[in-house]
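What TrEMBL says about this one:
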- 6-30: transmembrane segment (TRANSMEM)
- 51-68: transmembrane segment (TRANSMEM)
- 74-97: transmembrane segment (TRANSMEM)
- 109-127: transmembrane segment (TRANSMEM)
- 139-162: transmembrane segment (TRANSMEM)
- 169-191: transmembrane segment (TRANSMEM)
- 197-218: transmembrane segment (TRANSMEM)
Amino acid sequence: MSLTVISSVYAICSDAAGVAGNIFAFVLFLSPIPTFRRIVRNGSTEQFSGMPYIYALLNCLICLWYGIPIVSPGIILVATVNSIGAAFQLVYIAIFIAYAERRMKLKMFGFLVSVFAVFASMVFVSLEFLDSPTRQLFIGYLSVASLISMFASPLLIINLVIKMRSVEYMPFSLSLATFLMSLAFFVYGMLKRDPFIYVPNGIGTVLGTVQLGLYAYFKRASQEELRHPLMDP
């Protein structure tokens, strides 16, 4: 097999992994829709927090900038998925602000302005003061820190599942989509030889595997309890 054919197959595989990651990420971006349907239906944000969407927006913007060719050539699929993610988060934040109480509106708007200020500062510094290799390292480390903090959030859910011995608060579809997205981008990062992609997504893959394992274990345990209920003495 010629080097040209091998190179072509390699490129196809890496692009396929990136496209798969985009698809699974899209499923994740759709997951808050039931929450926002409830907010719109009830005309109130109730006890829901808008901070996860603020954090998600900042994460998407950082990773979007990392995927732009001027920062990291050849990984445009990272930019596409995060541009879509940023658009979704903006819509969610806009709805949250529209239905929040006045004090919460001002608070959320302040956080939104802060996110764009941080992003604008990051773009300015990386373009004005850093050469191309240093720029990629600078934004790469920021994206890794952002992604790891995002992937660490399921640890709270894992702790809750173990404590309650129930998967009620860990939807299977969300856990599966998170695992598949992380796995796809881990493979994409490995094929692109980019540690700023495969390291955080490798961590996400491990955490996703743990979630699916816990789901299978506690789901089976609950079914066993239903089949063999404890007898009163």
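Keep in mind that glycine also has a Cβ here, set from the backbone N, Cα and C atoms.
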Top Cβ-contact partner of the transmembrane segment (109-127) among 6-30, 51-68, 74-97, 169-191, 197-218 (pairs under 8 Å):
51-68
Report, as numbers and ranges, every residue of the chain located at least six residues beyond the transmembrane segment (6-30) whose Cβ falls under 8 Å of a Cβ in that stretch; write 'none' if there are none.
75, 77-78, 80-81, 84-85, 88, 173-174, 177-178, 180-181, 184-185, 187-188, 191-192
Spatial neighbours of the transmembrane segment (74-97) far in sequence, C-beta under 8 Å, 6+ residues away:
15, 18-19, 21-22, 25-26, 29-30, 32, 36, 39-40, 45, 48, 50, 53-54, 56-57, 59-61, 63-64, 66-68, 105, 108-109, 112, 185, 188, 192, 194, 197
Can you tell me which parts of the same chain pack against the transmembrane segment (51-68), counting only residues 6+ beyond its ends and a CB-CB cutoff under 8 A?
32, 75-80, 82-83, 85-86, 89-90, 92-93, 96, 108, 111-112, 115, 118-119, 122-123, 126, 136, 139-140, 142-143, 146-147, 149-150, 153, 196
